[in-house]
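Copied from Swiss-Prot, the annotated features are:
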- 36-75: repeat 'WD 1' (REPEAT)
- 78-117: repeat 'WD 2' (REPEAT)
- 120-159: repeat 'WD 3' (REPEAT)
- 162-202: repeat 'WD 4' (REPEAT)
- 204-242: repeat 'WD 5' (REPEAT)
- 246-285: repeat 'WD 6' (REPEAT)
- 287-324: repeat 'WD 7' (REPEAT)
Amino acid sequence: MASFKPTKVLSYPKLGEKVTEETLYWKNYKPPVQIKEFGAVSKIDFSPLPPHNYAVTASTRVHIYGLHSQEPIRNFTRFHDTAYGGSFRGDGKLLVAGSEEGLIRLFDIGGRVSLRQFKGHSKAVHATSFLSDGFRVLSGSDDLTCRVWDVASAVELSSITEHTDYIRAIAPSKLNPDVFVTGSYDHTVKMFDVRSGNSVMTMQHGQPVECVLLYPSEALLVSTGGRYVKVWDLLKGGQQLVSLKNHHKTVTCACLSSSNKLLTASLDRHVKVYNSSYKVVHNFDCASSILSLAVAPDDEAVAVGMTNGVLSIRHRKHKEEKEALTGRRKRGPSYRFFVKGKNFVPRQDDFLVSKPVRQHLQKYDKQLKRFEVSKALDTALETWTRTTKPEVTVAVIMELNRRGTLKNALAGRDEVSLTKILNFLLKHITDPRFSRPLLTVGDIVLDLYQQVIPQSPVVERLLQRLYEILGREAELQQELLQVLGILDTLFASLMPRKEVASFGAAAAAQESQLQAA
């Protein structure tokens, strides 16, 4: 009796992802270094001047870390409650931070005691920053106000009350020291001019705004809130340029790289890098939800702060380190490996015993061996198989069709199993690799269940979608055939024409050859 032949599953080449220079650039980072903080890391800010230390705001402290250090080189612990929004001044010598108690503190990087305290907010101050002149501080608070303070005298210069909900994001202009942008939980993004005290532009984000960001040219503005990242064209009066929805949860922060590429981070634990056309070119995965994100100048490091109090820093690999890693060689085999069996000499009376190779069959092959065709199809349509290895499901269908039992396997299905088959058809019937056997399945399903389709609205809806997909595919095939006909005509017109001698001329030439002979 011949042995059972397992189902032959065709192997298809895997299409790798398109690797671009930007993808390689952002993959060129070491594994992250993780530092445990005292609470959720709400803000990270790099100093604009070398050695590019960065401030980390977490719990009731603001720590200053060196670019390659894992221990803080400076601690600011004068906060009685949670600290927020620690930010450097343009020269990297001063730092400002808000707090849950409503106070804003100004620190000298070289000292520990606060130089100034700005009092005036009645609720928590989540966003603080220096205006570009360096002599004024901007703050946004949960008391619905945005205020400007004088650094020298600690006096409030102006207060703006146009927002109707918490102000959680601010972005001062670097080109004009009197202009800044705010984002609020009232779903609006506003641009203000300190000289007038009123907003000069308003954009509707549509979700509570968590972060606002100005491009260096200040022609574009980025706002994040909810699952959306929106880019606004300020030169066109705040017109929306693009709306991105690549995250699954709230986008909490955004920043720009040295080449002005946009990076966004979300509660879904992903950092996404966009190119100039706002397509995702790389992802960084983190262990917990992300609250803060910052990129060092020249992209030397990417720092991420998370809700579980972990600060994660990825440093860029340098050429010397790459050469050191690639230059290592694996240890070669030992001497005993080479001399093993060297002195063995087979004898003439040796008897060679071949060990039989046991054949291991898959579950669907065992069922096919027992002629359980319906169970074999059910096994091939299991969730993991049909989603990760559709070629296995199609191979079982082709084997059933070869045996002539495909119709029997598809018959007698309930609504749940029929829904699985139809969903598989919807997903893969337009795939050129699987279209021929799946079209056969579709014909058999229509023949078997045509009378009972109206009884199930789910099956009827899936069949309607299948009908629409096949209609679009037929239209596409028709258009491709038309294009093929046009190309054939063009190629035929471009081909050089060959002159064909007439019958009379050929006969005269033959007669002249005979006379000459």
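Placement of Cβ uses the backbone N, Cα and C atoms for every residue, glycine included.
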Do any residues, 6 or more residues outside the repeat 'WD 3' (120-159), come within under 8 Å Cβ-to-Cβ of it, and if so which ones? 42, 82, 84-91, 94, 96-104, 106, 165-178, 180, 182, 192, 194, 197
Long-range CB partners for the repeat 'WD 1' (36-75) (under 8 A, at least six residues beyond its ends), listed in sequence order, are 81-88, 90-92, 95, 97, 107, 109, 112, 126, 291-297, 300-301, 303-311, 315
Arithmetic mean of per-residue pLDDT over the repeat 'WD 7' (287-324): 89
